[in-house]
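Single-structure report; data block below.
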Amino acid sequence: MVGLLQPRQMTSFCAIASVANCIPYSSSFSSNKPSFFKHQRKDPVVKFTCRAKNDDQRPETTTKNGENSPEKLDRRDVLLGLGGLYTTSLAVNPMAISKPALPDFKDCIEATQPNGTPINCCPPPLVDEVTDYCPCATTVNIRKAAQSFTVDSDYYKKYSKAIQKMKNLALSDPRNFLQQANVHCAYCDGGYTQQGHPNLLYEIHNSWLFFPWHRWFVYFFEKICQNLIDDDTFALPFWNWDAPAGMQIPPIYNSGVTSPLYDTLRNPKHLPPSVVNLEWFNDDATVEPEVQIKYNLAIMYRQMITQSKTQIDFFGNPIRDGDDVPKISASGTIEITPHNHMHSWTGTSVDPNNPINMGVFYSAARDPIFSAHHTNIDRLWTIWLNQLKGTNITDPDWLNAYFIFYNEEAKPVRVRIQDGLDITRLGYAYEEVPIPWLDASAKPKSRTKAKTLPSAPDPAQVFPTTLDKPINVIVKRPKKSGSGSSEEILVIEGVEYDKRSYVDFNVYINEDDVNACRPDNAEFLGSFSNLPHGHQMSVKTDRQFRISEVLEELGAQDYDRVLVTLVPKSNPVKINGIKIKFDP
C-alpha cells in the first residue's frame, strides 16, 4: 500500500531521479531557473524536463556518443520541451500529433457565480516567466487522517499557523489563501478559455482532468504551507469520510470561529456529531448514525468497485483540444459521488448565488477543509491503483495535458499530468488506515422476478421528457452476440441541465417501491449530481451504470427486460432516452 513509506526516508531519491527522469533542453519559454533545482546544479542556463518512466511509452533516443539527439526526440519532448507552451506545429514537425486540451493562461477572463454575476478570480498578473516544473522529492512525508489530530496538538498549531500566514499575505501575492481559492475558481468557473479556441471554455471538472488537476492544486497548497512555516516535513491531512472514524467533520476544522481552519459558512445541521451522508442532497432524513455509516460504506463499495471497472468509469470522459466541453463531458464515478455530494453536505445550501464556500465550486476552496476533502479524493485514486489494481490512462492527450500554478516561491510553473503520477516523486504518501468498504457490497432488498415487474411504458414512449417526477420504464436487454458480448451498461441518454444549477436524481433497477429502497440495497444503482459552477451553459451528457453484477445479485440475469426508475431530488432535468448496451 502507498502508506508503507515512512517520513524522511528517501534521502537519496532526488539525486537518482534528477539523472533518471530529467533531461536538459533549451527553452525559449522561460529564463528563470526552477527553484527546486537550486541546490542540485550550478549551471543557470540549462533547463530540465521530466523524462518518461518505463510505462510512459516515451523511449529515450541518443546518438552514438550517448547524447540526446535533437532530431529524434520523442513526441512529448517535441511538444513540451522545445517549443515552450505547445507551439510546435504539424507543418514544422509531423510528430506533433498529440493535442490535449490546454488552458489559455495568458488570457484569464471573468468567471461567473451561478446567477451569472461576474466574479474576478483570475490570479495576479504574471511578473515572472513560466518555468517547467519537474518534481524530484528528496523525502516522503506521510499525509495522515485528519481526525487523528486534536486542537491542542503540535500538528494543529503548526497547520493553523500555516493557514493564518497564508491568509495574512498580501492579495497581490498568489500564495494568499483567497488567491489560492481563486485558482480553483478560475479553472472551474470559466476563467480560462481553451488555448487556440477563444470561444470554448476550459473546464477541469466533469472529465479525465479532475483527478490530476486537484492533485497538483493540493500539492502546491501543501508546498506553500511548508514554505510559510519553514518546515519541509509538514504534510496536509486527509479527511477520510469513507471510513467510520472519519465520518464527521474532524475536530481540527471545528475548533471555533477564531481558528484559521474554521469556516462559518458550513451547514450548521452537519456540524459534529452529525455523520456525513455520502449521497446527500438537501434531504436530512433522520437515520441512526450506525445506519448512515452502513449506507456510506455500501456507497463507497459501489462507486469504487462495482461502478469503476475501467479508466473511463473512474476518471471520466476524455477532453481534447477543441472539444466543446458541455457537449461531451462526463464525470467519473468518484467525482459524481461522493465528491459532489460531500461538497454540498459540507457547505450551506441557502442560496447558491451567494458565497456558501464548499457548496458551490467558485467558493469551495475558501473553506480550509477543501484541501482535506481533496487529499482524500487523491488517496482514493491511489487505492484504486494499488488495492483495486486499476491503471492510469496512457493516452498522450491525457499525459501531455498541463496546468499552470504558482509554487511556494510565488513563481508560475507549468506542470504536466505525466509528471504527477508517481506520488513518491511528489514527496508524499498516505497513512494506512482501515478501509472497511472493501467488504461492504450492496445486497438485494428483494428477489424481484421479471414476470412480477409492474407495467411500465417503453422508453421510446416516454423520452425525451423533463424529469420533474418519478418515471418508470421497462427497458429491453440486448441479445448476446456470442463470446464478444461483455458487461451490460445501463445508459441514461442525453441528460440536459444548466450547469449553474444543483442537479441530483437517483436511478433504481427492478425496484417496485423506491421509497423502501436504501443505499445499501443492490436495486439502488446510484445517482447523478451537479454542483453549481461556471457560466450560463446547457450541458448534455450521458450517465452510465454497470448492471451485470447487479442483475446477478437480483436473480434477474436470465430475463429479457428490466424495470428502470428515475427519481428527481432537485431541479428538473431533461432526459432524452434510456437503453442498455454491451461494454465494448
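The chain as shown is numbered from 1 upward.
Each residue, glycine too, has its Cβ placed from N, Cα and C.
Of the cysteines Cys22, Cys50, Cys185, Cys188, only one is given by TrEMBL as the disulfide partner of Cys121: Cys185. For Cys122, the disulfide partner named by TrEMBL among Cys50, Cys108, Cys188 is Cys108.
The separation of His205 (Cu cation A binding site) from Cys121 (disulfide bond), Cα to Cα, is 17 Å. Within the set of recorded positions Cys108, Cys185, His339, His374, the entry lying nearest in space to His214 (Cu cation A binding site) is His374 (CA atoms).
For the pair His339 (Cu cation B binding site) and Cys185 (disulfide bond), the Cα-Cα distance reads 17 Å. Note on proximity: among His184, His205, His343, His374, the binding-site residues of the record, the Cα nearest Cys122 (disulfide bond) is that of His184. Note on the disulfide-bonded residues Cys108, Cys121: the fewest other CB atoms within 10 A surround the CB of Cys108. Residue counts for the domain 'Tyrosinase copper-binding' (205-222) under DSSP (helix as H, G, I; strand as E, B; rest coil) come to 13 helix, 0 strand, 5 coil.
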